[in-house]
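Undergrad: The annotation signal peptide is assigned in Swiss-Prot to 1-19. The region 'Disordered' annotation in Swiss-Prot covers 74-93. Look at Swiss-Prot and you will find 82-93 tagged as compositional bias 'Basic residues'. What Swiss-Prot records for Cys103-Cys165, Cys130-Cys194, Cys134-Cys196 is disulfide bond, and it gives experimental evidence as the kind of evidence. Per Swiss-Prot, the feature heparan sulfate group binding site maps to Arg149, Arg158, Arg160, Gln162.
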Amino acid sequence: MQRWKAAALASVLCSSVLSIWMCREGLLLSHRLGPALVPLHRLPRTLDARIARLAQYRALLQGAPDAMELRELTPWAGRPPGPRRRAGPRRRRARARLGARPCGLRELEVRVSELGLGYASDETVLFRYCAGACEAAARVYDLGLRRLRQRRRLRRERVRAQPCCRPTAYEDEVSFLDAHSRYHTVHELSARECACV
């Protein structure tokens, strides 16, 4: 029992000496380096987020040789904040068209049961599909059809006035095990090549 007490006392004493030594070294190091380790000063938060953002832009762009005008970066500077407008359908479509990638092959890792084919399986497969815009493949036919739809001349039939991004070739087969350990093979599940049709 005496040994354990002596070992505990020695351990406490050593750890105290070690922590005092580490603190002293840290203080000496920070004193030697001086203002190099001073933390960066963060701008105080203001009530108006726009003013804070302007101050940040000014600080970033100050002294830059090819800096653009601050007003070009912040078109809302200098005018009072107005009510937010909801984007209309035309605006949403235009924004969607700008960000749309061209027609091409995409892939997604999904569980077989998520495909809705009637198989209960927890296995995952790499599902390749076609997606993207086909505006470059639009023909005169598509332009004419779009105009007739806009003028509501084609009311009853559902017609697409633009080419669609569709698979032109499929993977031969995809195989997986279901929840009952039965082996299944599905043909032409995943796309291999895409084109605007």
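Think of each number as a place in line: the chain as shown, counted from 1.
Every residue gets a Cβ built from N, Cα and C, even glycine.
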Undergrad: What is the number of other Cβ atoms found within 10 Å of the Cβ of Arg149 (heparan sulfate group binding site)?
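TA: So the number of other Cβ atoms within 10 Å of Arg149 (heparan sulfate group binding site) is 16.
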Undergrad: Long-range neighbours only, meaning 6 or more apart in sequence with Cβ under 8 Å: which ones does Cys194 (disulfide bond) have?
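TA: Spatial neighbours, sequence-distant, of Cys194 (disulfide bond): Cys103, Gly104, Leu105, Cys130, Gly132, Cys165, Arg166, Pro167, Thr168.
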Undergrad: If we check Cα distances from Cys134 (disulfide bond), which of the binding-site residues Arg149, Arg158, Gln162 wins as closest?
TA: Gln162
Undergrad: Expressed to the nearest Å, what is the distance separating Arg149 (heparan sulfate group binding site) and Cys196 (disulfide bond) at their Cα atoms?
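TA: Answer for this pair: 21 Å between alpha carbons.
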Undergrad: Could you state the whole-number distance in Å separating the C-alpha atoms of Arg158 (heparan sulfate group binding site) and Cys196 (disulfide bond)?
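TA: Cα of Arg158 (heparan sulfate group binding site) to Cα of Cys196 (disulfide bond) measures 19 Å after rounding.
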Undergrad: Roughly how many Å lie between the Cα atoms of Cys196 (disulfide bond) and Gln162 (heparan sulfate group binding site), rounded to a whole value?
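TA: About 9 Å separate the Cα atoms of these two residues.
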Undergrad: According to DSSP, does Arg149 (heparan sulfate group binding site) sit in a helix, a strand, or coil?
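TA: In the DSSP reduction, Arg149 (heparan sulfate group binding site) maps to helix.
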